[in-house]
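Annotated in TrEMBL:
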type     : residues  : note
TRANSMEM : A:20-43   : transmembrane segment
TRANSMEM : A:55-72   : transmembrane segment
TRANSMEM : A:107-125 : transmembrane segment
TRANSMEM : A:173-204 : transmembrane segment
TRANSMEM : A:281-299 : transmembrane segment
TRANSMEM : A:305-325 : transmembrane segment
TRANSMEM : A:350-369 : transmembrane segment
TRANSMEM : A:375-395 : transmembrane segment
Amino acid sequence: MNNLYRQRLSSHLKEMFKYLRLVFNDHFVFALLIFIGGLGYAYSNGLKELQPNLWWAKPVIVIVLLLVLQLGRFATLFQDADVVFLLPKEAEVRQYLSGARTYSESLAVVYELFGMFVLLPFIQVTDAMPVFDLALIAVAQLLLKDSLFSLAIARRFKVKSAWLKESVWFKWVVPLIILVASVYGMPMVGTLLALVLAVCLRVADKRYNAVPFDWWQAITLENNRMMGVYRFFNLFTNVPMLKGVAKRRRYLDWLLNIVKITPKNTYLYLYSRGIVRSGEFSGLYSRLTILGMILLYFVRGTWLPVALAALFLYLIGFQLIPFYWQFDDIVFTHLYPVEEKQRVNSFRRLMFSLIGITAILFLVMIFVANQDWMVGLIAFAVELVEVVLMVQYYLPLRLRKKK
Amino acid sequence: MTLQVTKVVGGYSQIPVLKEVTFDVQDGELVGLIGLNGAGKSTTINHIIGLLTPFKGEIKINGLTLNEDKNGYKKQIAYIPETPILYQELTLKEHLEMTMMAYSLDRDKAWQKANHLLSIFRLDNKLDWFPANFSKGMKQKVMIVCAFITEAPLFIIDEPFLGLDPLAVHDLLNLIDEQKAKGASVLMSTHVLDTAEKYCDRFVLLHDGTVKTEGTLPELRQALPDAGESLDDIYMSMTRADQHE
């Protein structure tokens, strides 16, 4: 069983690296790097304006630590078929879980330490704590995370105690108390409490050996975790495991009804509904638009905002182009007696509306951030030229090339 | 003459699946395309609907080939695929409107027809649902409704009976009869031989990419006198004879 986990872990890691590679290849990452850089810059600027002994500093520290504590889940890597194939191996499931715990917990340690690392400058500025106390808080945090993993294991057994299973207590309330104690001047007490909790839960955990393992629960929890992981990757690239489910989104029907029902609009009708109701492209579009808007809000100057807006408009338009072929695996798309030219025109109209909306939103953001008519005017001119170029020339060119 | 397939050689890659297939479907006629799995039924259909291009030979619908007039050719076909294919993001109502737009139908008239068909297949209360989540039989019914609101002179129906409940099979056969009476032609591939025997006017028996025999039931009986009475018998003896060769 120990080998089984190792095998699964290696294929799991292979899969994760495959996705990570895809993520770090995309245009999106470029944008993300700028975004993270911007955030870091804003953070350091923000810190400069803070004074020591702010009343809200300590609550913020506690809340951030509490949230960071929830990062890093228990990766059991169970699969649906395990309930059938591993059932006879139930006695050895402990071994398997300890492998899982080692992997999950080492990842979690990285998350927790990274969280502390990011928080450190904030603590330093607002609350001149001795280094020793900081170290104690970090230790308490790690011990709390360890307790959460003991609890995660307990949840996967058919433990009767609802008290242990109902995780709100141990996930939020108990850590909150301990963290409050640690941050509000009693780091020694907090760490000690965390240690007691971790040891007690580990001891209690050992006693479940006689309790039957809850396969369904364990598999469901693992599937949920993997769904979360896939959904995260889906933010950046296509995940085949997440075949997007169409959502009705009735509240957007008014928007779709703008498209007149005439033969000329056959594909516009299809494309507009496709983009509004499927997650993939609409998610991509709205994410990039919102990201661009946030970025433009923080950026000042004349040419920098204009260049950024232009870059984001290009990225969005570029990423939308493959949507043209979205319905090609549906045979009727090839059977409709509709000219290819009309299809291209429909797609151009869709693209024009989408990047047009983005361009307007960017313009508003640039104006709000800079409050300067001149910058707004320049941005308007540049965006207008870009949108027209993209829709009139670039898009038809790309569509022809692909054929 | 509605559909004319002449000496078509074709397939998916370089290797031909169809070897000089020739048959026709007359106005107001229901022709059954019969053959084993892999005999070339679907390949034939894919050539007719224009997904595949023949290496040799030609396919004409009312005198038009696909190359002469792409849209004129496509407009004449209503197609019901073997496995229902639907747009994930469109509701049932939107599938119908999509079809109306694509085939430039008169909306009022088409909706009258659609409502009639929807009530026959008991779909009239599901207009605002995503048919992609329906059961197989119900999806099949959506395909049927979409096909029958077009005023196409040629219906291509690929294995329509699997997954449909007996009532729906009956309704479909009635609809086909109605269209035939209006002069439309139907080409239907199927494995359900006893239904085919009862309803088809003529049969094209495909085997290994060639047309083995073709004709009405009496004609088939005449061609294979020892085989037996029913289409099933004739078909079985034909395939067996082939295996012995």
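Positions of Cβ are set from backbone N, Cα and C atoms, glycine also.
Comparing A:173-204, A:281-299, A:305-325, A:375-395 for CB pairs under 8 angstroms to the transmembrane segment (A:350-369), the maximum falls on A:375-395. Long-range Cβ contacts of the transmembrane segment (A:55-72) within its own chain (Cβ-Cβ under 8 Å, at least 6 residues beyond either end) map to 104-105, 107-108, 111-112, 115-116, 119, 122-123, 126-127, 137, 141, 144-145, 148, 171-172, 175-176, 179-180, 183-184. The largest share of C-beta pairs under 8 angstroms with the transmembrane segment (A:281-299) comes from A:20-43, of the ranges A:20-43, A:107-125, A:173-204, A:375-395. Relative to the transmembrane segment (A:375-395), the listed stretch A:305-325 leads the set A:20-43, A:173-204, A:305-325 in CB pairs under 8 A.
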